[in-house]
Amino acid sequence: MVSFCGVAACLLTVAGHLAQAQFPPKPEGVTVLESKFGSGARITYKEPGLCETTEGVKSYAGYVHLPPGTLRDFGVEQDYPINTFFWFFEARKDPENAPLGIWMNGGPGSSSMFGMMTENGPCFVNADSNSTRLNPHSWNNEDQPVQVGLSYDTLANFTRNLVTDEITKLEPGEPIPEQNATFLVGTYASRNMNTTAHGTRHAAMALWHFAQVWFQEFPGYHPRNNKISIATESYGGRYGPAFTAFFEEQNQKIKNGTWKGHEGTMHVLHLDTLMIVNGCIDRLVQWPAYPQMAYNNTYGIEAVNASIHAGMLDALYRDGGCRDKINHCRSLSSVSDPENLGINSTVNDVCKDAETFCSNDVRDPYTKLSGRNYYDIGQLDPSPFPAPFYMAWLNQPHVQAALGVPLNWTQSNDVVSTAFRAIGDYPRPGWLENLAFLLENGIKVSLVYGDRDYACNWFGGELSSLGINYTDTQEFHNAGYAGIQINSSYIGGQVRQYGNLSFARVYEAGHEVPSYQPETALQIFHRALFNKDIATGTKDTSSRMDRGKFYGTSGPADSFGFKNEPPPQHVHFCHILDTSTCTKEQIQSVENGTATIRSWIIVDSNSTSLFPEVVGSGEPTPTPMPGGATTLSAHGYLYDVTLWVVLLVSAIELVM
């Protein structure tokens, strides 16, 4: 006989346990290294022994601590500490000769733990939210802006309502309120908008200082191959170009003697490849792709009707509409804030207004009316993919202790996102120019887009690739589309490539390409890093061929002719730490105590069939709630793909 109990009643029986476990204790067994350059920076780290369990493969988790005043050399006042989390994984093969890769999710304000745990990291979390299994397609990653994920400025205790997303600070000495299934407490970064990155350019400065400390002073990294590659996703379409270009600008200043920083900031970072996965790169170029993806895509899904589609186009192109608003933003910013630092309130307001209008009138008719998923047009909402089991795992006491972290993990931080939005970071100019700058300086750019994503869709990615104005623009435009040969029987997508620039459309993949098509994503990543053509992995792309030309693909000029069938629907389940996976009725059942929950999963016929070992048998058991694993943010990773090392920088949880 199966017994049931309301969630609230179940949780009351473990209130004592919750009171002991809700706030992480002070980390123990942490190695502390003071900077040899006397800058006041520190590295603290542990060997966690989590996630990457391949014999002989080491991993390290910790923080780079930057003191107040670190960013003064860029003219930025910073009166708070920046504590950036990283998780470094050695390559599974030949780590001494492996290049290093940094992985970052976007947001802005989203944790890179999402990518690590559901896309390309060394492990996946099981449905019990307490154990992991190896990912055979790992890229072996980093976390960005301060206050994201496990990065922080200063710490404070908060309450959080998962349903309303209301977050309230607990003052010192204030009694700890009782928790239930949707009301949690935890320790997080300060949530002070003045102590995080205000825009992508600010974040680049903080990450560069992190890199100067880590690459020169972290004792676990001793490569013979000093190449560094950056892979990023979503808002990473801005992070990637801006961060990588900023790093290269600093490299050039160091080399030519125009950088006047202190001794510990003279390290040249040898940049090799920038990979952007379903990135929103340039708003002006990519906005036309939203009406097309909603109405005329390769899956034959008309997510909006002809009238709504026409309205989206009208909002984009009419006088005073989206396009005009972005052009106005850019003309003002180029004169009054050319570095995109958010220093001019008029520019900030105009650019923020442009983003708000374009989002509401050009993009959001799909999200409001279609009933389909924002990250996968092939799925109806709510969608449980990728599974959010990692959210609870990262706040398990044994995981927190192993990582040596003093706070609870959060998926995204609305304060960081608000700081970026407040200066109108989205529609500002410069992203495509950054990509052109990288290509002109010999740094490879690989654009990879799943063809079912709406959020940063492949039509917009293709337009961005064609909008890069550099020496070989015409040769890239002249290249045709070739199939991406993954093995003897499978074509994973289509690619246009000339030399160091490639644009790949990946079949049957949503926003998080490695989650949907892990082998295809890994092959593309591996080929890009090792100077092989994306189409076959057999041709060298680094050397000139006949008549001084680089390798280029040949085939049709357009990929739209390659059509797809809509996918079957995922079997739905609700994970209460990610309420976007739940229906309104399921959320109500949690609130009123009628839901039965095991391991943060609502028990119903679907979840019982999907996860019988977790929810399908035995008595319902109370689920101890972790300290608030939901929306705050994390930054960065370093991973390994057979031949690359990965650094996860939760630290671009850059607090600025």
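Just so it is clear, glycine is given a Cβ too, placed from its N, Cα and C backbone atoms.
Annotation source Swiss-Prot lists signal peptide at 1-21, citing sequence analysis. According to Swiss-Prot, the disulfide bond annotation covers Cys51-Cys123, Cys322-Cys358, Cys329-Cys351, on the basis of similarity to another entry. Per Swiss-Prot, the feature N-linked glycosylation site maps to Asn130, Asn157, Asn194, Asn256, Asn296, Asn305, Asn344, Asn469, Asn487, Asn500, Asn592, Asn606 (among others). What Swiss-Prot records for Ser234, Asp453, His511 is active site. Among the features that Swiss-Prot reports, substrate binding site is placed at Cys456, Glu512, with the record citing similarity to another entry. Annotated GPI-anchor amidated glycine per Swiss-Prot: Gly627, in sequence order, evidence recorded as sequence analysis.
Here the features listed in Swiss-Prot are placed on the structure.
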residue	record	DSSP class
Cys51	disulfide bond	coil
Asn256	N-linked glycosylation site	helix
Asn296	N-linked glycosylation site	coil
Asn305	N-linked glycosylation site	coil
Cys329	disulfide bond	helix
Cys351	disulfide bond	helix
Asp453	active site	coil
Asn500	N-linked glycosylation site	coil
His511	active site	coil
Asn606	N-linked glycosylation site	helix
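Of all the recorded positions given, namely Cys123, Cys322, His511, Glu512, Asn606, those whose Cα is no farther than the 10 Å limit from the Cα of Ser234 (active site) are His511, Glu512.
Of all the recorded positions given, namely Asn256, Asp453, Asn487, those whose Cα is no farther than the 10 Å limit from the Cα of Glu512 (substrate binding site) are Asp453.
Cα spacing between Cys351 (disulfide bond) and Asn157 (N-linked glycosylation site): 34 Å, rounded to the nearest whole number.
Comparing C-alpha positions, Cys123 (disulfide bond) sits nearest to Asn487 among the glycosylation sites Asn157, Asn256, Asn487, Asn500, Asn592. Here the Cβ of Cys51 (disulfide bond) has 27 other Cβ atoms within 10 Å, regardless of which shown protein chain they belong to. When the glycosylation sites Asn157, Asn469, Asn500, Asn592, Asn606 are scored by other C-beta atoms within 10 Å, Asn500 scores highest. Cβ neighbour count within 10 Å across all protein chains ranks Cys351 highest among the disulfide-bonded residues Cys329, Cys351. Residues within less than 8 Å, Cβ to Cβ, of Asn487 (N-linked glycosylation site) and separated from it by at least 6 positions along the same chain comprise Glu519.
The shortest Cα-Cα distance from Asn305 (N-linked glycosylation site) to any of the glycosylation sites (Asn130, Asn256, Asn592, Asn606) is found for Asn606. Cβ neighbour counts within 10 Å, taken over all protein chains shown, single out Cys358 as the most crowded of the disulfide-bonded residues Cys123, Cys358. By the criterion of other Cβ atoms within 10 Å of the residue's own Cβ, the least surrounded of the recorded positions Asp453, Glu512 is Glu512.
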